[in-house]
């Protein structure tokens, strides 16, 4: 009887690895939970061996067009004598209503990048247990939080890296006037200006830096908000404290507002074209082409003002048909006493009252 029970127990033990839902034995026994150690460290627990993934806690700051490395390394505690095959996955986390985006998957020396990251995302493998991601030719929409995941058998641990492009938020309304854009049209309008729809975090930071604008605009998460630093009656009333005022989420197709765009620092040069006479909009475009450049977008002018200190008291045509001029150092006869980009709206395209701002790629 005892021998029969022993054989039965042995048979059951041999069947355990085949039963669905039970962990596969790959040389380690591990506890599925793991622990978060803080300071960018995350560990998974094996039988006396820990898988630890390390990423920086600090936000990485960079600029448009740059190349950047998102650091991620992993190791085992105690250290293992030999390397183990692992799978590495990077993806951009969902935020402000945008879906998650796969960036890169790698096994050994083979890797594949996805979508907008194809050809721009590469895995750095200069050192053992290196899982850092290199992103090239950064775009404004690359700002966000990225997760680095290391997978060893059934065990996986990860860390998060936050990337932020230096940029500037600017309010935008189309030639048709105030409150003419639904959410999808707002997205296109920003893209045409070399920008993306701003996030709440970007608008809030701009408000902290002094942005004051009384027209409500779309944000990346589909909400409509506006920043006020000087409370006044037409902008929510004197009784409300300064801050970012919110209308909350709005219907993406039916509701219409302005938009807050975000553009990152640019690689090229924006300049006022010295020309013997004033130009129509068509003549302005041609004049920039003859100077081996293109007529600048609104986003490029704002970026040049913010990051290059572009300062000019002459209004010039831009690609959207508006006329504006950037003032970094306010002075008499040059508009209001605060720095900013001044606008003359959308004049008659045939008017010969303005110069032109051109953009030349570096």
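Just so you know, the numbers here start at 1 and follow the chain as drawn.
Note: Cβ is positioned from N, Cα and C throughout, glycine not excepted.
What TrEMBL records for 1-21 is signal peptide.
Per TrEMBL, domain 'Ig-like' is recorded for 50-166. In the domain 'Ig-like' (50-166), the DSSP tally of helix, strand and coil residues is 6 helix, 62 strand, 49 coil.
Here TrEMBL flags 168-263 (among others) as domain 'Link'.
What TrEMBL lists as disulfide bond is 214-235 (among others). Counted within 10 Å of its Cβ, the other Cβ atoms near residue 235 (disulfide bond) come to 18, all protein chains included.
Taken from TrEMBL, the feature domain 'Link' covers 268-360 (among others). With DSSP classes pooled into helix, strand and coil, the tally for the domain 'Link' (268-360) is 21 helix, 25 strand, 47 coil.
Per TrEMBL, disulfide bond is recorded for 313-334 (among others). The number of other Cβ atoms within 10 Å of the Cβ belonging to residue 313 (disulfide bond), over all protein chains shown, comes to 14.
Long-range neighbours of residue 214 (disulfide bond) (same chain, six or more residues apart, CB within less than 8 Å of its CB): 226, 228, 232, 234, 235. The average pLDDT the prediction assigns to the domain 'Link' (268-360) is 96. Within 10 Å of the C-beta atom of residue 334 (disulfide bond) sit 15 other C-beta atoms, taking all shown protein chains into account.
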